[in-house]
């Protein structure tokens, strides 16, 4: 399917709905978790690690079960998980630590996000048995 054929009203709608639900989820995670440990914004970390896990699950499921429509893939991955995970907030929080003269915290924060998200994505693929596809 060409990119032009994917530009349908339904696809715009499902991406937008998914993104709204993902962003609301991220906002609620921030509200509930960020106050727990101010030095490490746990809401952003949770959003990125949970999103990493769920994208692994989704990619695995969609790869194994080819009967899912493009709309479901766009809703789940591009919409919901795109709205849930947040590279811009993560970047701002790391730079905030650097500007506060806390380079060790900045490096640690970046490392935890990267390692956590990549590990969670792999675990998501393992959950649905999708790693054997690429072996």
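Glycine too: its Cβ is placed from the backbone N, Cα and C atoms.
If you look up Swiss-Prot, you'll see 82, 85 marked as Na(+) binding site. In sequence order, 15, 18, 19, 22 are the residues of the chain that are 6 or more apart from residue 82 (Na(+) binding site) and have a CB within less than 8 Å of its CB.
Annotation comment: Swiss-Prot describes 12-32 (among others) as transmembrane segment, evidence class sequence analysis. Using a Cβ-Cβ cut-off under 8 Å and counting only residues 6 or more beyond its ends in the same chain, the transmembrane segment (12-32) has close neighbours at 41, 43-44, 46-47, 50-51, 71-72, 74-76, 78-86, 89.
Taken from Swiss-Prot, the feature transmembrane segment covers 42-62 (among others), and the record attributes it to sequence analysis. Taking Cβ pairs closer than 8 Å, the transmembrane segment (42-62) reaches residues 22, 25-26, 29-34, 36, 68, 72-73, 76-77, 81, 84-86, 89-90, 93, 112-113, 116-131, 133 in its own chain, all 6 or more past its ends.
Per Swiss-Prot, the feature transmembrane segment maps to 70-90 (among others).
The transmembrane segment annotation in Swiss-Prot covers 106-126 (among others). Packing against the transmembrane segment (106-126) from elsewhere in the chain are residues 40, 44-45, 48-60, 85, 90, 93-95, 97-98: each is 6 or more residues past its ends and has a CB under 8 Å from a CB in it.
Under 8 Å from some Cβ of the transmembrane segment (70-90) lie the Cβ atoms of residues 1, 6, 10-11, 14-26, 41, 44, 47-48, 50-52, 54-55, 58-59, 62, 109-110, 113, 117, all in the same chain and six or more residues away from its ends.
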